[in-house]
Amino acid sequence: MGKQISESYISSSRIVKVNISLSGLSCMSCIHSIESALQRLQGVIVPSIHADLPTSNVILEFDESIINIGQIKKAIQDAGYHVVDIVEEESYMKTINKNMTKNSPSKTQGNDTTILAIGGMTCASCVKTIQSAVEFLPGVTSVNINLLTTQASIKHDQNLVGPRDLIAKIEELGYEPQLYSDNDGDDTTILEIGGMTCASCVQTIQSAVELLPGVASVNINLLTTQASIKHDRNLIGPRDLITKIEELGYEPQLYTKGPSNNNGNSIRQRAEKEQKKKMKGFLISLIFAVPTFFITMIFMMALPESNSIRMGLEYQIIPGLEVNTLILFIFATPVQFILGYPFYIKGIRSIWYSHQANMDTLVAVGTTVAYVGSLLNVLIPIVQMSSNPGQQFFETSIFLITFIYLGRWLEARAKGKTFETITKLMELQPENATLLTITLDEKKNEIIDEREIGLELVQIGDILKVNAGARIPCDGKIFRGTASLEESMLTGESIPVTKHEGDDVIAATINLSSSIWIKATRVGSDTTISRIIDLVQQAQSGKKAPIESLADKIAQVFVPVVISIAILDFILWISLSATGHIPTDWLPEGENPVIFSLFFAISVMVIACPCAMGLASPTAIMVGTGVAANHGILIKGGGEAIETAFRLDTIAFDKTGTLTYGKPQVVGSDFLCEKQNFNLESEDSQNDLLLLKIISLIESSSDHPLSKAITQYANEILLKSKRIPTTHVTLDSVKEITGKGLETIVTIHCTVPTVYDVFIGNEEWLKENGCVYPPYVDQEIANKTLLDWKKLGYSIVLIGLSPHFSDKSQRIDPGYILVQLGIADTPRPDAAKTIKLLKSHGIQVWMITGDNQITAKAIASKLGIENFFAQITPERKAEKIKWLQQHGRTTVYHNKHFNFFSSIKNMFQKNGVPHDIETVISKRATVAMIGDGINDSPALAQSDLPISIANATDVAIESSSVILTRATLTSLITLLLLSRKIIWRIRLNFLWAYIYNSLAIPIAAGALFPLTKFGMRPEMASLAMVCSSVSVVLSSLMLKRFKEPKY
């Protein structure tokens, strides 16, 4: 993995995963540079390289037999970045095909999606640089990068390119990618172990821990005293590992990851650290800028020539070199080459590796031109020994870099506010938990030991105490006690919910009443709150909205175009000056035409702002998805899902569990078997009770909501009955036919055991299996009963029975329908209101159900739905969604003027046919599907916007782009309104960014100078650039003012 040699053989290598904290990152170009540098290193696993701009971290894996951490550190430093800290997170043995190159790691066949956090991006040009370079790699199918969250989602073929290859490529571009780890059930615990002195200590600990159940691998580094232990969290937890090592006489403690830990405090601290770094750069540059301001603007301009201070500053040390010039040179040099060093590194490497310029390139070129031009103006008179000193403008580069640092500090502060939603979610989790250890003494009395432990030490099965007023530390069940819990963070309902023993509790909810004990069932990243946080992060780094495509195209050519404009602008002004077209009174006092022209060119380069375009969409999506999460809407699909919701034409609802609660109950029953033992040769005289026993046995084998309702109904009657059937019944086989029902074989053990086929399902299923009503049953009455139930919206379930034949062709008599059941599912109280509101917003509403036509019509009528599909099996739901998409929506355009003139023309034509007054255009519909079950997954996948609700299955949630965490359908209206707000805010941001650049660049180029005699100096242009990017972020933050309507 990562070693390129010609032989083809298999060997094992120790792979080490490290977390490297860096400083000096400011934009995506930095991320590209670092990733490119690391990708070139032999032994570094390219797909594992994951750089994160907000956290300034790089996570990577490398083969210890090929490269060491010192070489990696040197490569990063050579790339122009400072390594603050390196932490080994884990290590493991891995089998490697030595014939595989660094860029083709051995992987399981198939496609994969790698999520990278990329540090160093500052503008849309950075995003385009990375996207263009990564898309060029073999096996990469799509690249989606979010500038604000600095996350990249890359789909690729693992056989052609792996995560390490992606990371290496991005590092070559000068950025800092970092891989987001994804452990499937396995945990890696890192311990710091005190007391180890030699290799024997390592072997002792390793041997003892490897014997523990659930431990997969143990790797201990004697030098760093760190142990990386991979284990199954369901079998053994970190606390067990610590206890075992303590028994050996050592001093283990859980290692808390520093820069890479994933809690709210850490994210906020990283954001604050980034802000402090930018502020520090600004303050240092300000130390040089303030005296420069006094010298150039006050002493040399405001003071009269006779003033002693001005005279002293104008004193020539040698011919052509004044004191003020020397001082400004001394000030400008460290600012230009020390504070400006990051701009050089990132700008040069972006061009070198990705062949694209970025914002850093503009800053580096602009300041360098100002510095070098000033230096040449000063040196020429000195060389010529002239007493007339040349005009210097060192203050330009000083002020430029100062204002750039000011802008990036303000931008970092504004961007930090967009992370508030996710940090607040993370901060809901308590840091500690109270662990109870329960033992029994000799008299069987409980001995309870309480102790505080860190949340990361909680294990599945732990008994935890939660006092009144405290937050639940993890998902679990109440082990002892009763309490009222406030679950508004999840459900949106402020009314407390009373929980009893055995009830589920959710992490981060608040215990309002009394102390309770809970048993942990989900810990760490498996808890509900952690999954919500993951979904929010997915939303903020999801696919880009199509509206962003224009910005990406512009960003690709923006910087080269700006530099070209600056060069042409300089040539134009210098040409006008050389040909005498510029009056001498246009030139400021003491300024020559070259410098006059140069200032226009520099101003063009520094006023242009690709950052504003790059931030226009990511900031709005970041804030918008955060606002949505606060209202119980998790938008997994990111910008693409938001724009799809904005363009929505049609919404299709699954009925059971979506429009209804999904908890049906038997509300009508009709037993058609007579008191005598018709077809049931049993010792029980009550056939209905025996049938209920058979039905209960069969239906308990299915998880379908209707089956659960029937099982509950049958068991309740049997429990209430004074005469319980004693006949033994066994279930020989059961087969569930999706969308139809059950086909089973049962044996009734009486005097002579009898085997029957039992069919349970809808009318079509019973008819398909040849079941009819018994001869003594009045079919007209039976059918009328079913019709009445259907009109009330009940789902119909029939139970048929016939003697079993191994060969169905031998069956002589038909099976008989012995039981009819009517099952009702209560509609959600806000379903009808939601349907009405959706239609008022121009959304077409459809219902898809497996119920018969009459039942479906009755339910649809109750809810105000005109369009529905009935008797649809799960596999046909996707077909109906596709039909809705293709059928489209009809749009009518009134073309009165066109048709008026066309009609006059037709009057003079023979057999002229008048045009219609209206033109009808049909377009493909944008369709959303809302479901909750596994059977809805194909339809969800087919739809343009798959939506699942709070109680949906994991499969449905996985297929969805939007998840409604609250048990209210009105969240759909909130989603619709918020998506419109977000898209319009994005459009407004883009409009502002385009207008700014369209106006600012010509003004900076001097287009208005002939009329106004006003030329924008470079330092003022840099301030304008700062204002443009900050204003876009502030505009996006206005989305926080969104308020959910009262329904």
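The backbone N, Cα and C atoms fix where each Cβ goes, glycine too.
Sequence annotations record features per position, and here TrEMBL assigns domain 'HMA' to 16-84, 112-178, 187-253. Taken from TrEMBL, the feature transmembrane segment covers 282-303, 323-345, 357-380, 392-410, 554-574, 594-616, 990-1009, 1021-1039.
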For the transmembrane segment (594-616): best-contacting stretch of 323-345, 357-380, 392-410, 1021-1039, by Cβ pairs under 8 Å: 1021-1039
Annotated stretches the transmembrane segment (554-574) and the transmembrane segment (990-1009) touching (3 or more Cβ pairs under 8 Å): yes
For the domain 'HMA' (187-253), the number of residues DSSP places in helix, strand and coil: 22 helix, 25 strand, 20 coil
Residues in the domain 'HMA' (112-178) grouped by DSSP into helix, strand and remaining coil: 22 helix, 27 strand, 18 coil
Beyond the flanks of the transmembrane segment (392-410) by 6 or more, those residues with Cβ under 8 Å of it: 26, 122, 275, 278-279, 281-282, 285-286, 288-289, 292-293, 295-296, 325, 328-329, 331-332, 335-336, 339-340, 343, 363, 366-368, 370-371, 373-375, 377-378, 595, 599, 602, 606, 1017-1019, 1022-1023, 1025-1026, 1029-1030
Whole-number mean of pLDDT values that fall within the domain 'HMA' (112-178): 77
